[in-house]
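K.L.:
Dumping the structure here so I can ask a few things about it.
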Amino acid sequence: MRTMRSTKCPWAFLGVAGALVMLVFAVHVFMVPILPSSLDFFGAGHGIGKPRNVLPGVGVVDSRLSGQFPSDSYGAVTYRGAPWKAEIGRWLAGCDAGLSVVNITEFIGTKRCEQDCNGQGVCNYELGECRCFHGYAGKRCEEVQKVECNLPSSQEWPVGRWIVSICPAHCDTTRAMCFCGPGTKYPDRPVAEACGFKTILPKKPDDPKLTDWKTPDPDVFTTNKSKPGWCNVNPEDAYSSKVKFKEECDCKYDGLWGRFCETHVECSCINQCSGHGHCRGGFCQCDSGYFGIDCSMPSNYSVAYGMPSWLQPPMNLPDSSINVKVVAKKKRPLIYVYDLPAEFDSHLLEGRHYKFQCVNRIYDDKNRTIWTQQLYGAQIALYESILASPHRTLNGDEADYFYVPALDSCLITRSDDAPHLQMPRDLRLRSYHTLEYYRMTYDHIAQRYPYWNRTSGRDHIWFFSWDEGACYAPKEIWNSMMLVHWGNTNTKHKNSTTAYWADNWNYIPIDRRGNHPCFDPRKDLVLPAWKQPNPAAIWLKLWARTRNNRTTLFYFNGNLGPAYKDGRHEDTYSMGIRQKLAAEFGSTPDKQGKLGRQHTANVTVTYLRTEKYYEELASSIFCGVLPGDGWSGRMEDSMLQGCIPVIIQDGILLPYENMLNYNSFAVRILEDDIPNLIRILRVCVCINSPFRSVITFDTYLVFPSHQGINETQVEFMLRNVRQIWQRFFYRDSILLEAQRQKRLFSEEAPWSVEVSKLDKVDDVFATFIQVLHYKLYNDPWRQGVLQRKETGLPDICSKAS
């Protein structure tokens, strides 16, 4: 798309420029059927024409839908409160809401496993194969593996070089975890990382303590109450200060609670095993007859106890116990979820060394939910929603999509956890490490299932939740749909944008990665990042705060780079974008005591953390959305507090940006136009300006530097933000947990009360399903597949014209 750069021109020319602006605006709005519908920023330099990021099927929706659902002046068609890109909104408004149910035959697993996996795994009744617990292997889980905690030792490194699992005490070699072990008063108490080694005290008051990884600390085993011990310290004595204890020791492992790990609590599992199993450290040990990562899949041997809720209602149960089939009434799209070998998911959860890794919740000493700030929790949230959804099917022949639940969020955070996770060929790059795991997942499903080869994976879905999304996806899976938080089309930022060397994908061999972009708007989708439910913010309805109560013009709070205290030291952090913003508008002094060149009273650009962060967002009209090491959560923060997002990252899409009409609720500023940011946003200057109109494009709004945004446009955008904020919130997954907690406790937690009271409008999962539904019927390649299936749609919707 062609963009407009800021220029300085004499006032004599502004009248002519304004007239031209008005003309272009009018032509774009009123002559859409005649002229091309977009100027393609993402293919800048290619001139005006059909944009490269148009989805398959756009422009081919039946003309009757166009007449029935016209677009507004911003180019949007509204469906269920959200402004969609016109062709997408028309199809959804005309077809999604009227979708009828279809009868789907579900196949229930009947294949038993040998010796019932010896009690050390869960039988996959679909394949007749065991999914063994961490540390066990073999056809019957009969082999006990030995996964070491330590790397090879030497005279210099008596326990081996540092790795997260490093252990100078007792190593549980089924999980590579370190405990006090036999002979101590508390043998199951973790001795994690720095706990078991000597501490180097700081030489200066402000310097941090360091760990001497070459010297184990024998005092952790002491019974001398005057020394700081750990493995024999009585919790009651420690709480009453009768004995000393080593402060570097804590309770990092999941399933344990208290300063001294004295309480066993619920571990975090996918869907908490759906009420049909027990969570053992992250791996669901299913009740007899149930299987799957969350024990939600019934078998021939469990149907007598009823069917899971996602298969109901209604259905016809057969009388025969052989080749069990059930007929369920469902709505498309239908999603088949692969039950992968445990090393791709359950082992990563079961063997994690830090309870906050991978998951978006843990449990306290009363087994009540504690939501975490895990940035990558969206992967777990979406996975749980799909597994519990009536859109899920066990019949791969009827499925419209195939979800591959490899967990890069868990793999990357655990890449240095233990020796058995390391791959010599991955160059110590977490990005390369992840690529290899996804490639092994591809090998498994391509070899063991018939579905991949039918379509070369074009109906498969993979989630890459890490900082740079699918940039490091293996070439074999690129035909598939990629779910990411980082929609870098590589049209401007062509190389790895992270400042962290281990995540850099530039060094991955071309024969492994291929030469694909990070994101293809024609097939991929950016999803919102995880944000924990904040009961106070929901109760206060911060997203609903009106224009009159928003007194700050522009707000950004975050790491601003090396010029500021505690800032990231790399110049390449945030691709330098945050640094440019701070240099112009910084409202907090940098290390040299300087403010931004254009700092002003009602503009906040600061690095100072504050407990009033959400309140300050909700008191602002516009909020900055800038990258970090790849994506950041600023878009979600803005939307959830009702603030108009101001996006500054060229060629990099935000959540749903290739589906929703961002013109209606967000503003994009070119990176080169950062110095003109406030001139563009300052509403009061432009209320009576003759240049109040804006040029609208399908991708985003482009504001010339001499004109601003008027109050009518601000009110319009704020209203749309209020309408759609829940599409950036994982309410469905949160409510699944609320239902589980209600079965355990008579009194609801505040987060459960407040989320349950929210309007039942579409959230992330509902939006995801709508996108899949649209793509299903508007991708010309899929038409031959759908013609063989019962769609429940009229011809106007079920075929491209």
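Placement of Cβ uses the backbone N, Cα and C atoms for every residue, glycine included.
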K.L.:
Pick from Cys95, Cys123: which cysteine does TrEMBL list as forming a disulfide with Cys113?
P.N.:
Cys123
K.L.:
Looking at TrEMBL, which of Cys132, Cys167 bridges to Cys141 via a disulfide?
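P.N.:
Of the candidates Cys132, Cys167, the one TrEMBL pairs with Cys141 is Cys132.
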K.L.:
For the C-alpha pair, I'd like the distance in angstrom between Cys123 (disulfide bond) and Cys132 (disulfide bond), rounded off.
P.N.:
8
K.L.:
For the C-alpha pair, I'd like the distance in angstrom between Cys113 (disulfide bond) and Cys141 (disulfide bond), rounded off.
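P.N.:
Taking the Cα atoms only, Cys113 (disulfide bond) lies 10 Å from Cys141 (disulfide bond).
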K.L.:
Could you give me three numbers for the domain 'EGF-like' (109-142), the DSSP helix, strand and coil residue counts?
P.N.:
6 helix, 11 strand, 17 coil
K.L.:
In this structure, which of the disulfide-bonded residues Cys113, Cys123, Cys132, Cys141 has the fewest other Cβ atoms within 10 Å of its Cβ?
P.N.:
Cys113
